[in-house]
Amino acid sequence: MWWDERVSARFRRNLQPTLTYWSVFFSFGLCIAFLGPTLLDLRCQTQSSLSQITWVFFSQQFCLLLGSCLGGVFKRTLAQSLFALFASSLAISLVFAIIPLCHNVVVLAVVMAVAGLAMGCIDTISNMQLVKIYQKDSAIFLQALHFFVGFGALLSPLIADPFLSDTNCILSNSTANASSNLPHIRKSLVPHHPGNLSHYDLPMKGMVVTRVSYAFWIMALINLPVPIAVFFLLYKERMVPCFNGSSHPLLSADELAMETRPVDKDELSTPGQRPQAAGGHDDLFSCCQSRNFRGASYTYFAVHVTGALVLFMTDGIVGEYSGFVYSYAVEEPLSVVHKVAGYLPSLFWGFITLGRLISIPVSYRMKPATMVFINVVGVLITFLLLLIFSSSVVFLFVGTASLGLFLSSTFPSMLAYTEDILQYKGCATTVLVTGAGIGEMVLQLLVGSIIHDRGSYSFLVCGMIFGCLAFTFYAFLVFFHRMYPKPSPELDDASPDKAAVPDDTGQYQR
């Protein structure tokens, strides 16, 4: 293997839980990308207007954010985390199976809200558990985790595509007039911004003819092995009530080897210290309790806030660019034909997935702080060049691919960097996941409003501003990292600045 033997041995000891968390994130990706391409067919299924159906986008995104905030609630024990992941991944399969039965837009919005809650829990818990297992070695495994969400996000539109309607799926007298515009309308739909499509007259009454149900049932079957994998991990850890024997499971050979190895001086801690080492990750609301603030320096809060703000901007750029690059391309001065412009979002997500795959080996050789620096500078330079060559269609495609590459590894690298600064203590994972979710939702809505008022050119200007802000917040994060107090044995145990005792055994924690 291309990494060293210590990391390789740690991976082998935690092979099943690591593969399980990666598979759960594939489930997350499968669910996050199907809604855009299928929204017109779901509009026909629910016989709703364009403005009504885009509320389904909002319900999913808002509840994804809510689920990210609440995900830390289930971190207190491994059993709670795994049961939450099992329920969430199973809920996603059920959502896929139920969607074809939703013939009312409100019911569909509620079902997608449930999917959003499940996705939010998966996002927080999977990141948190991998950080908890691998700690200082977590960067490479987080990069792999986020590759799987990109792979799922690429796969679900490909599954849906053969079942999408080529003509209007509600047959009426006006069907022929609207059918030729369907590909353009489908690519232009983004969360709650159908304003530029209001002049298209799509029928709401008539005979519904759509085959999109088959796509959802296929995705439900593809996702079904994921909750089964989580269940097997629960069974292995003796956490399934009906299969939980009275005797304690014997130590595995790897655990026995860890028991007999020499104990490092840093691992000789009091019994009260060890639980605290794993107890730094909470849900967002628990993080805000005053007991967590006692004895904390201002840099403790600054690291959380600046890290979250970097991801607020970068994940916001992902949301707004993927949502509006098509609309920007078809407007003047570029005026790209609809069919060609339709490849831009796919190109963007394809290079995000490729970048995450490349980042897996790179993250082993490069520090997370360096990777984040390259990412934010690359995003800034790409937007600057897109502005300079704003009349070039070729450079729009090149810039889209470049932007996907630079944005691909920002989240896992930032998470690994921030957790390392805080010595795997505090609320970094929960705060960063929540900040990224808020950014993706808020900036997409903000840019949609600005484009509607100021024109398509403001799309690139907004991206440049967000890139500048991301770089500025990253510079502040580096500054606060240098100011952050180094671990010291004299620090009080109750202080959030106290370095957690890293559980460097690589042993799966219960």
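Glycine too: its Cβ is placed from the backbone N, Cα and C atoms.
Noted in TrEMBL for the protein shown:
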- 21-40: transmembrane segment (TRANSMEM)
- 52-74: transmembrane segment (TRANSMEM)
- 81-99: transmembrane segment (TRANSMEM)
- 105-126: transmembrane segment (TRANSMEM)
- 138-159: transmembrane segment (TRANSMEM)
- 214-235: transmembrane segment (TRANSMEM)
- 298-318: transmembrane segment (TRANSMEM)
- 340-358: transmembrane segment (TRANSMEM)
- 370-389: transmembrane segment (TRANSMEM)
- 395-417: transmembrane segment (TRANSMEM)
- 429-451: transmembrane segment (TRANSMEM)
- 457-480: transmembrane segment (TRANSMEM)
- 489-510: region 'Disordered' (REGION)
Below 8 angstroms Cβ to Cβ, which residues of this chain, lying six or more residues outside the transmembrane segment (298-318), approach it?
352, 372, 375-376, 379, 403, 407, 410-411, 414, 417-418, 421-422, 426-428, 431-432, 434-440, 442-444, 463, 466-467, 469-470, 473-474, 476-477, 480-481, 483-485, 496-497
Can you tell me which of 52-74, 81-99, 105-126, 340-358, 370-389 gets the most C-beta pairs within less than 8 Å of the transmembrane segment (429-451)?
52-74
Check the transmembrane segment (52-74) against each of 105-126, 138-159, 370-389, 395-417, 457-480 and return whichever range has the most CB pairs under 8 Å.
105-126
Under a criterion of three or more Cβ pairs within a distance under 8 Å and sequence separation of at least 6, are the transmembrane segment (138-159) and the transmembrane segment (340-358) in contact?
yes
Under 8 Å for C-beta pairs, could you tell me which stretch among 21-40, 81-99, 105-126, 214-235, 395-417 has the largest tally with the transmembrane segment (340-358)?
395-417
How about long-range neighbours of the transmembrane segment (105-126): same chain, 6 or more residues beyond its ends, C-beta under 8 Å?
21, 24-25, 27-28, 31-32, 35, 42, 45-46, 48, 52-53, 55-56, 59-72, 74-75, 81, 84-85, 87-89, 91-92, 95, 98-99, 145, 429-430, 433, 437
Chain residues in Cβ proximity to the transmembrane segment (214-235) (below 8 Å; excluding those fewer than six residues from its ends, i.e. six or more beyond):
16-17, 19-20, 23-24, 26-27, 30-31, 34, 38, 79, 82-83, 85-86, 89-90, 92-94, 96-97, 99-100, 155-156, 159-160, 162-164, 243
Under 8 angstroms for C-beta pairs, at least 3 of them, ignoring pairs fewer than 6 apart in sequence. Is the transmembrane segment (370-389) in contact with the transmembrane segment (21-40) by that rule?
no
